[in-house]
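Over in TrEMBL, the protein carries these features:
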type     : residues : note
COMPBIAS : 1-18     : compositional bias 'Basic and acidic residues'
REGION   : 1-35     : region 'Disordered'
TRANSMEM : 93-117   : transmembrane segment
TRANSMEM : 123-145  : transmembrane segment
TRANSMEM : 157-180  : transmembrane segment
TRANSMEM : 200-221  : transmembrane segment
TRANSMEM : 226-244  : transmembrane segment
TRANSMEM : 264-287  : transmembrane segment
TRANSMEM : 299-321  : transmembrane segment
TRANSMEM : 341-369  : transmembrane segment
TRANSMEM : 390-410  : transmembrane segment
TRANSMEM : 422-444  : transmembrane segment
TRANSMEM : 465-487  : transmembrane segment
TRANSMEM : 499-519  : transmembrane segment
Amino acid sequence: MGLRNEYEVESHSTDPEKVPLPAYGGLTSDPEKGPTSAYVDEAPAVPGEVFVTGDTLYARMQRTVSKFGVEPRGIERVPENERTDTNLRKVGTMWLSANMVVSSFAIGALAIPVFSLGFVDSLLTIFFINCLGITPVAFFSTFGPRFGLRQMVLSRYFFGFYGVKIIACFNVLACVGWSAVNVIVGAQLINAVNTNVPGYAGIIIIAAATWLVTVFGYKVVHHYEAWSWIPSTIIFLIVLGEFAHSGQFSNLPMQVGTSEAGSILSFAASVFGFATGWTSYAADYTVYQPVNVSRVKTFAWTWGGLIIPLAFTEMLGLAVATATINNQDYANGYDQSGIGGLLAAVLFPPLGRFGQFCLIILALSIIANNCPNIYSLTFSLQLMTHYTQAVPRFIWTFIGTLVYCAIAIPGYSHFESVLENFMLLIGYWLAIYEGISLTEHFIFKKRVYDIAIWNSPALLPPGAAAVLAFCFGVFGAVMGMAQVWFIGPIGRRIGTPGYGGDVGFELAFAFSAIAMCVLRTFEKRHFGR
């Protein structure tokens, strides 16, 4: 029971064999075999139970789809004897593929037309902020093998059984919203190649392909991501070669003074938000790794799998965007069709039809980017209540796909910029999540976890301190943000008047972490857990 190698089990640990598991939903539980219901929301689960036993509709559906290779497990803990995925390379390629995509290229390109930065200062910002943003992702990836819990379920140890539902709501918004934004970008690339393909058709094509991968679950997602980075990398290398050959690169000088400081901070916020956005999914993709796998190697493969594509694609996007200053064709392409037009300006004149083919491949790279969004979305939905947990993961995958398509299709031509600005706005929650969870882990948990209580509301932290700290974090984000919709009072004091400088992520993290230190001290003293 529990793990004793890297995370020690607390002395008050509850042995599931000694604690009677209550009947749930009219079904009985066996203390030796675990619960016999199709789902359990209020009782500790015994490792080894796959939750597909019995003759309920849920169990019958799970057994049926399992015959076709669909992963039946939802938020239930993966027992040690099922953690047999020993290939750590797949952890690296998972993140390599998810970020070797046109969306990452677009983040780097923002530095020139949106933030009016120079080349060198943008390059340094991309590298160092990405290093900072991906570190929490790599850190929490090491929790998957140790706990066998998905990231949102693991978050019960930080936010409590009920408080984590708030976090799951934000994660659902992030998964659905970014999936919609990404699929719009992919559809625009397809439309740039062939205007006879309407936006909704491109959205449906990419979404259907994404669903086909994610519906099967963990193994198929990893298999797809193990190879999908290769064609994307080849195309980006072609973009690099053609752009270098064109001679259109401009080493734009950096600015000075308050305007430079504000622009750097705002661009850094965009880079950080994109890089650290995977934190809320991190452990989802290592839960089938053996319990004794090296934490250092897990961290290194995740970190390397993230930094290589993020730094490469964003720096490439930055370099290509410099041409929009002195070359009218590049400027017109970006103004008319965004990133699709910018890439078309690089590829179409020298390569013709082959350049169009390259753009289609980059459009399909969105599949690799959206797979983690849709796969992890299902766990946040199941975490909401025992009613949503009663719906199998593969069904939630289908429902999630329909929802983000319903957002993306009208958004393609009506409110794409509004949608993207909204997604940047809610991205601050990730800094709050990190501030609270890291504080709880290092200061209050002190790396000591009782794994048996992951599904026990009465034994997990109450969550009141975390929820209140989350509110303080929101206050910090509002004070420091500098977005299209709103500029906070602190953000307004940085940079150019009317634009400000974004320090929302920094203040969100600081406010939530400090509030958590104070509030959790009182909560733990009062409740003892």
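Glycine is treated like the rest: Cβ placed from N, Cα and C.
Against the transmembrane segment (341-369), stretch 226-244 has more CB pairs under 8 A than any other of 93-117, 226-244, 390-410. For the transmembrane segment (93-117), the partner stretch with the highest count of Cβ pairs under 8 angstroms, out of 157-180, 226-244, 299-321, 422-444, 465-487, is 299-321. Contact count against the transmembrane segment (390-410) (Cβ pairs under 8 Å) is highest for 200-221, out of 123-145, 200-221, 264-287, 422-444, 465-487. Highlighted: of the candidate stretches 200-221, 264-287, 422-444, 465-487, 264-287 has the greatest count of Cβ pairs under 8 Å to the transmembrane segment (123-145).
Within the chain, the transmembrane segment (264-287) has long-range Cβ neighbours (under 8 A, six or more residues past its boundaries) at 78, 83, 91, 94-95, 98, 103-104, 107, 110-111, 114-115, 117, 121-122, 125-126, 129-130, 132-134, 136-145, 147-152, 154, 167, 171, 174, 178, 218, 221-222, 298, 302, 306, 310, 314, 372, 375-376, 379, 424, 427-428, 430-431, 433-434, 482, 494-495, 499-505. Sequence-distant contacts of the transmembrane segment (422-444) (same chain, at least 6 residues past either end, Cβ-Cβ under 8 Å): 136, 140, 155, 157-159, 167, 170, 173-174, 177-178, 181, 270, 273, 276-277, 279-280, 461, 466, 469-470, 473-474, 477, 481, 483, 485-486, 504-506, 508-513, 516-517, 520, 524. Across 200-221, 299-321, 465-487, stretch 465-487 shows the highest tally of CB pairs under 8 A with the transmembrane segment (157-180).
Sequence-remote contacts of a segment are chain residues at least 6 beyond its ends whose Cβ falls under 8 Å from one of its Cβ atoms, and for the transmembrane segment (299-321) they are 88-89, 91-97, 99-101, 104-113, 119, 122-123, 126-127, 130-131, 134-135, 137-139, 141-142, 229, 236, 239-240, 243, 249, 271, 274-275, 278, 282, 286, 330, 334, 339, 342-343, 346.
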